[in-house]
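Peer 1: I have a structure here, written as structure tokens, and I will follow up with some questions on it.
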Amino acid sequence: MKVNQTVVGEFILVGFSVYPHVQMFLFLVFLGLYLLTLTGNLAIMGLTWVDRSLHIPMYLFLGALSFSETCYTLTIIPKMLADLLTGNRGISVTGCGLQMCFFLGLGGTNCIVLTLMGYDRFLAICNPLRYPLLMTNVGCGQLVASAWAGGFLISLIETALIFRGSFCSPNLVRHFFCHMRAVVRLSCLDSDLTGSVVTVISVSGLMGTFLLIIITYVFILSTVFRIPSAEGKQKAFSTCASHLTVVLVHFGFAAIVYLKPEASGGDDTLMAVPYTVITPFLSPLIFSLRNKDMKNALRKVLGKRRFLKKQFWINATLVTVP
């Protein structure tokens, strides 16, 4: 128990204030990446909604991932941008708890949805005849709901452990958002024990989902290598390439943040940027650029829009001509 400390009701997010000369540059860079991330995710959600050919589990999972990533970025990036622009870095203890809960919950949801996408590819390639029975749209929706429930269950446990007591001064959170490691150091209780417990929970969830994905790809690869034709192998690989790329990016950057030893050096603020800003930006980019169905759906939507616009101007011309 910490003694002779003032109990605080507000935190100050130190964030990028340690780099005062590049505040505006960072604001512009992060704002640009954030707008592109929103555009990419909204485009994927819109295409999976309007194009009936994409109403299959593979793309329903992709739409669910885009939605959760959109919510995930909303929990931290707007606040970070406001702090960079205004310099007002205060956040209440309640607001910090809510931000942490949603950040961890949505991060866990993303991991589980990526695992479900791997399971979907496993069934499609290893059990193609039973796939329509095993993976229906209704079942897909139930799995996505389970992913949200699982992600937020773990998040609530971790947040409750961290915020079960009060916090002592100094109230400086050495991060640009309420990261659990940075906040738990300010606890008036035994912060080392709490930090170890929540870290074990997070790492277990992260490594557990990653290992499940690796296991599914072991079975997928063993099945693909038994396909006699080169064309069949290429088609099977093409359906997994985008997902596997996103998995490596997502879990690779997450491992840098969560598997870094507590006592090691380095700036935690800068180390979290790839996981919180760059990964959500790359995910829709990879899925849209490497997926023929998504590109074809985009062409159809744009072609239909141009056709409707052309018809509108033709009709308008006919109306105005006496």
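Note: Cβ is positioned from N, Cα and C throughout, glycine not excepted.
TrEMBL feature annotations, pasted as is:
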- 24-44: transmembrane segment (TRANSMEM)
- 40-249: domain 'G-protein coupled receptors family 1 profile' (DOMAIN)
- 56-77: transmembrane segment (TRANSMEM)
- 97-119: transmembrane segment (TRANSMEM)
- 131-157: transmembrane segment (TRANSMEM)
- 200-224: transmembrane segment (TRANSMEM)
- 236-259: transmembrane segment (TRANSMEM)
- 271-289: transmembrane segment (TRANSMEM)
Peer 1: Restricting to the same chain and to residues at least six past its boundaries, which positions have a Cβ under 8 Å from a Cβ of the transmembrane segment (97-119)?
Peer 2: 58, 61-62, 64-65, 68-69, 71-72, 75-76, 79, 91, 143-144, 146-148, 150-152, 154-156, 158-159, 162-163, 177-180, 183, 202, 205-206, 209-210, 212-213, 216-217, 243, 246-247, 250-251, 254
Peer 1: Which range wins on Cβ pairs under 8 Å with the transmembrane segment (56-77): 24-44, 131-157, 200-224, 236-259, 271-289?
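Peer 2: Looking at each of 24-44, 131-157, 200-224, 236-259, 271-289 in turn, the most contacts to the transmembrane segment (56-77) are made by 24-44.
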Peer 1: Take the C-beta pairs under 8 A between the transmembrane segment (24-44) and each of 131-157, 200-224, 271-289. Which stretch has the highest count?
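Peer 2: Maximum Cβ contact count belongs to 271-289.
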Peer 1: Report, as numbers and ranges, every residue of the chain located at least six residues beyond the transmembrane segment (236-259) whose Cβ falls under 8 Å of a Cβ in that stretch; write 'none' if there are none.
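Peer 2: Counting only partners 6 or more residues beyond its ends, the transmembrane segment (236-259) has Cβ contacts under 8 Å with 58, 107, 110-111, 114, 117-118, 121, 124-125, 199, 202-203, 206, 210, 213, 217, 220, 223-224, 227, 268, 271-272, 274-275, 278-279, 282-283, 286-287, 290-292.
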Peer 1: Restricting to the same chain and to residues at least six past its boundaries, which positions have a Cβ under 8 Å from a Cβ of the transmembrane segment (200-224)?
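Peer 2: Long-range Cβ neighbours of the transmembrane segment (200-224): 104, 108, 111-112, 114-115, 118-119, 121-122, 125-126, 154, 157-158, 180, 233, 236-237, 240, 244, 247, 251, 254-255, 258-259.
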Peer 1: Could you tell me the mean pLDDT over the domain 'G-protein coupled receptors family 1 profile' (40-249), as a whole number?
Peer 2: 90
